[in-house]
Amino acid sequence: MARQFSLEKTRNIGIIAHIDAGKTTTTERILFHTGKIHKIGETHDGASQMDWMEQEQERGITITSAATTAFWKDHRINIIDTPGHVDFTVEVSRSLRVLDGAVTVIDAQAGVEPQTETVWRQASEYKVPRVIFVNKMDKVGADFAYAIETLKQRLGVHASAIQWPIGSENDFNGIIDLVEMNAFEYDNTSPETGKVVPIPSDLESITQTKRNELIETLSTLDEELMMYYLEEKPISSEMLKNSIRKATLQASFFPVLCGSSFKNKGVVKMLDAIVDYLPAPCDVAAIVGFDSDNQEIVRTGLDEEPFIALAFKVMTDPYVGKLTFFRIYSGSVKAGSYVTNTTKGTKERFGRLLQMHANSREEVKEAYTGDILAVVGLKATTTGDTLASEGQTIVLESMNFPEPVIEIAVEPKTKADQDKMGIALAKLAEEDPTFKVFSNHETGQTIIAGMGELHLDIIIERLKREFKVQANVTEPQVAYRETITQETETEGKFIRQSGGRGQYGHVWMRFEPNPGKGFEFVNKIVGGVVPREYVPAVQKGIQEALAGGILAGYQIIDVKATLFDGSYHDVDSSEMAFKIAASMALKETKTKGNPVILEPIMDVEVVTPNDYVGNVIGDLTSRRGRLENQESRANAVAIRAFVPLSEMFGYATVLRSNTQGRATFIMQFAKYEKAPKSITEEIIKKRA
């Protein structure tokens, strides 16, 4: 089957934003205007097409990223709608990894919010070009100029309006196009069926000012435009459009649009901007990977190149089983083909190829460069794996995910539940790289860990609904960590010799703090005092011991371990003996490495009316919070603080009480920090 849409006319985009900025509503309107759906569903009514999970429809939030394909002006647009809640940022991260462009939706009243900053940072890591849609222009307190100012102040980016609103709040009824220099006035009885009109006379002055600001910003990035501007030559709309596209593709400039998705205003103009300014797969840089010898391989995005793709999401479907979502970077693939998972070195067979629309699907026989699809039948492939045609060894850069910060114990209610629970949890962990399952070696309990209380609530709900597993859960616990703060050299010696073959393993290790870099192992053995075949056992012994901790049984992180000496026995040495010796050497750091307990610190932002600022600050301080800043925001004050996670359980109820239900808050993991002595002693005592 031949390709239906050229690469130039394909767009792979994501919709990203802070929670409640209107991402899913925006996506619904896009689908409506492109003819993909014929009846609009509302998120707050639980009728959204893109929020298809039961929990999403009940809670009115997006939990997973849903994929769909729409068509506009002879272009195919693959869209991924992502969650805004901080507990589900992994969905945003893995979507951005495979997208070429994004629409960032921000609230016209709130401007840039904490999760906007997080998703913006994630998009910047992957160098994703973006257009910005200032939504909810009909909302009380909407202020387009303020929203743009927050983009510059909080994100520090070159962002300029390419549109200007006609009115705001209830009077928002049109948009001025600063590129074409005309206006579009909406017919409020049937939005988006308005007409092009001259720019209102009372807005001519600000329109010219804003167009000049746009040109000034772009001229710092575009030499040709700068010459025209300095020489006061007329700048055509075509020239301005080309300059916007060029700067947007380089992610050095971000055009700002306005509208109200709920009222159906500005969405068609945004679709035009997606086609005009966001990149096609052939506009982005060639994909770079590495072969088995760690040599760089560059692949251009052409159908004629060998097939290479990245798996970015795995999910369990009740009808077809395991679905693997992937993005093709070069070449093409047919249903039924055999491919290599070059990350794991395994062979996989592609079953059915599916074009997804939220949770419905359309089968296709062949897929090409730039396509985002799902495939049935992959056995070993997980998130971040590279898939390539047979004979290739190229591996693309994978994805890094944050470690969980909160954990609970789950206990099956019956024997039947016990049998099902292990399988269900394994499937859920396969879908979500930030969800971890492990056993507490002391109590034998099954522990599940995630990014927040909502994250784990959803997991427990899915256990019950999708897998029919009934389970009891404990109160949430903080996922503390341990580390050492002092460099030390320790000896580990394991000798058992009592007739017959014994055990002999002997190592000298140097352990040193490795802040923010995780675990690192270095082999500095000279002269074979520890034979090469036992070195992996030493590394494994240390890694296993790290998981069990040295102070209170919490995982040890950020440690560099160097094997520099030791000895062996020709007959009695074994991998097991060296593993045990290595773990003994690590345990010695309890007395020599000045170990400490680390606690997760959360970045908390509370938005409260002025009347309650004192209450909120006093309460945060009592929770060991460190105030970072506070700023006025519309008719409220935004207070930002770093607070230990252990102090934040039940905070929503207290905040409601302290502010008569008028404040909101959001928190996300910021970093691990050394716990105070009193807290450390309390933790050790509790775990003893």
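From the backbone N, Cα and C atoms, a Cβ is placed for every residue, glycine too.
Under the heading domain 'tr-type G', Swiss-Prot lists 8-282.
Positions annotated as GTP binding site by Swiss-Prot, on the basis of sequence analysis: 17-24, 81-85, 135-138. Other C-beta atoms found within 10 angstroms of the C-beta of MET137 (GTP binding site) number 28, with every protein chain shown included. According to its DSSP assignment, MET137 (GTP binding site) is coil.
DSSP classifies LYS23 (GTP binding site) as helix under the three-state reduction. Of all the binding-site residues listed here (ALA17, ASP20, LYS23, THR82), it is ASP20 whose C-beta has the fewest other C-beta atoms within 10 angstroms.
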